[in-house]
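What follows is a set of notes on a single structure, which appears directly below.
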Amino acid sequence: MFRNVFSMYYDGFRSMVVGRTLWKLIFIKLFIMFAILKTFFFPNFLATNFSTDAERADHVLQNLTQVQDRADVNKP
Amino acid sequence: MIEQIDVSQVNWARATFALTAMYHWIFVPLTLGLSFLCAFFESIYVRTGNEEWKRLTKFWMTLFGINFAIGVATGIILEFEFGTNWSNYSWMVGDIFGAPLAIEGIFAFFLEATFFAVMFFGWDRVTKKFHLFSTWMVAVGSNLSALWILVANGWMQNPVGMKFNVDMARFEMQDLWAVISSPVAIGHFTHATSSGFLLASLFVVAISSWYLIRKEHILFAKRSIAVAAVFGLFSSLFVAFSGDEHAYVTASTQPMKLAAMEALWEGETGAGLVVAGVPNPMKELDNDEEAFIFDIQVPGVLSVLATRSMDGFVPGIKDLAYGNSEQNIVGVDEKITRGQAAISSLAAYKAAKKAGDEPGAATALTEFDKNRDFLGYGYLQSVDQAVPPVSLVFYAFRVMVGLGTFFIVLFLAYLYFAYKNKLESMWGLHVAGIVSVFLGYIAQQAGWIVSEVGRQPWAIQDMLPVTVARSNLDTGTVVVTFFMFLLLFTALLIAELKIMAKQISLGPKGGDV
């Protein structure tokens, strides 16, 4: 059973034609997304700036209750 | 659309999200529909035992695989953006979105992943019936993945089954079934997935038409068209039906969106549906300009669509903005006052809690509960901020509906000429078929513009405007990521088109994935 499943994957991957290019593209894409974009450009704002859920909740509540003048950006 | 993007951080964050979502939705609908078409093709192969149908199935499966591979994980970038650009929103909806997205991960993704390998690698290793079962499971799994994310989107448009936890500043799930079975969520799922079936049918018809024009793979192309045109016709009709139902639900849950879709400024009984028109760009909430420069209306149809009655009252933008006591409509102006009261109570609650004043906190909470349904309105500075961009929504809606109607006629024409066995000589029809796949993508994007621009200014309907949903970031960072995504997604799209084009030029003899 396991041998059959393994050989299906093994032979399947070995005999790929277009699939080889596609897998290369997938790996490049995932590398760009996770190793570059996520790491350097998309830190989780709350996870990075606050260490506990209580602090995060307090920050969001602060934003919700401290109504600033958002007239410059509020127009849809 | 460019005029509407200013340099402020929130608008760049919105533009980045729109860009990412629109690129993501280039890949998704084709996956949703082509997976089912592959299952149909393979079912015919298993039933007839004809190897030509197997060859045909494998060809379309290869194109499905290319689209899936290029599109996979592009949606994850949206989650990156939630955490970075929309951290307030992300925090507030975490409890609601956690359940549907977890179900998606555990159920649909694994269903998909398990049978994916069998579908591509298992042709000579498992029985015909088990292979067919796997192909169907990939189709079901792909569409189930869409279900959960569309349920999440439906909740944003109609937040039900939740309670706002004032201590944690979070919307917490009270009733999962209410979230899943919300008419808005069901409307989104049925309309979006069936439009994906329609698009995939156009895709198959377009490529098959290309072969017929070139007089290549003629039998293959005719068989593909026969199946895709039937699927496309039923899908188109269902898209129209589900769209009608969706608009009916929108009339009660998001009346401002419906009013914008119709550029209906003054409410009417027996309201007419604008079949074609040019909204007056000078028209605004506080002036008496004519709503249209030119319009053709069908009397009473909008009332039927919104209320299921020819004499039903459909509120206009002004009714919703300023209220209409005759129709028991509370205006945005009053909602702003109540929203501001909710924010003040929330601030008082927070201060009382911090000071250890429990009776004060209880009083503030009672006050907050009286106005909690209007919380989001408290962040608006003026009534006009509750009105979405009318012209954009109006035109996008007409593009979507107009093209959807055209596709019904197109599929009928293909079926008629297939029945008459005249497909090979219908050069003009094939050109229309090829062009229509691009029109299909335009209709898809127009649909999302109606849905998402039409609900502005809300990130969560009535609860949280986009301006409060954002993170406190500098604009420069967001602008940089906008252009990075533009480059990344454009590169992916070019890669997909090149690989697809090569595989299409090879035709059904091009081999497996």
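Start at 1 and count along the chain as shown; that gives each residue its number.
Glycine is no exception: its Cβ is also placed from the backbone N, Cα and C atoms.
Below 8 angstroms of C-beta separation, residues 53-54, 56-57, 60-61, 63-64, 67-68, 70-71, 74-75, 77-78, 119, 128-129, 131-132, 135-136, 138-139, 142-143, 146, 192-193, 195-201, 203-204, 224, 227-228, 231, 235, 441, 444-445, 448, 485, 489, 492-493, 496 of the same chain, each at least six residues beyond the ends of the transmembrane segment (B:22-46), sit close to that stretch. Annotation source TrEMBL lists transmembrane segment at B:22-46 (among others).
Look at TrEMBL and you will find B:58-78 (among others) tagged as transmembrane segment. Sequence-distant contacts of the transmembrane segment (B:58-78), counting only residues of its own chain at least 6 positions beyond either end whose CB sits under 8 Å from a CB of the stretch, comprise 17, 20-21, 23-24, 26-28, 30-31, 34-35, 37-38, 41, 119-120, 123, 135, 149, 203-204, 207, 220, 224, 485, 489, 492-493, 495-496, 499-500, 503-504, 507-508, 510-513.
Positions annotated as transmembrane segment by TrEMBL: B:98-123 (among others).
The transmembrane segment annotation in TrEMBL covers B:135-156 (among others). Sequence-distant contacts of the transmembrane segment (B:135-156) (same chain, six or more residues past either end, CB-CB distance under 8 Å): 28, 31-32, 35-36, 38-39, 42, 61, 75, 93, 96-97, 100-101, 103-104, 107-109, 111-112, 114-116, 119, 162, 179-180, 182, 184-189, 192-193, 196, 455, 458-461.
Nonlocal intrachain contacts for the transmembrane segment (B:192-213), taken as residues 6+ away from its ends with a CB within less than 8 angstroms of a stretch CB, comprise 28-34, 36-37, 60, 63, 143, 146-147, 150, 220-222, 224-225, 227-229, 231-232, 235-236, 238-239, 242, 404, 407, 410-411, 414, 423-424, 427, 429-431, 433-434, 436-437, 439-441, 443-444, 447, 504, 507. Look at TrEMBL and you will find B:192-213 (among others) tagged as transmembrane segment.
Here TrEMBL flags B:225-243 (among others) as transmembrane segment.
Counting same-chain residues at least six beyond the ends of the transmembrane segment (B:392-417), those with a Cβ under 8 angstroms from any Cβ of the stretch are 1, 4, 198, 201-202, 205, 225-226, 229-230, 232-233, 236-237, 239-240, 243, 257, 260-263, 274, 276-277, 279, 423, 426, 429, 432-433, 436, 439-440, 442-443, 446-447, 449-450, 453-454. Per TrEMBL, the feature transmembrane segment maps to B:392-417 (among others).
Look at TrEMBL and you will find B:429-450 (among others) tagged as transmembrane segment. Long-range Cβ contacts of the transmembrane segment (B:429-450) within its own chain (Cβ-Cβ under 8 Å, at least 6 residues beyond either end) map to 21-22, 25-26, 29, 191-192, 195, 198-199, 202-203, 205-206, 208-210, 212-213, 257, 261, 392-393, 396-397, 399-400, 403-404, 406-407, 410, 413-414, 417, 423.
Per TrEMBL, transmembrane segment is recorded for B:475-495 (among others). Counting same-chain residues at least six beyond the ends of the transmembrane segment (B:475-495), those with a Cβ under 8 angstroms from any Cβ of the stretch are 7-9, 12-13, 15-16, 19-20, 23, 26, 70, 74, 77, 85.
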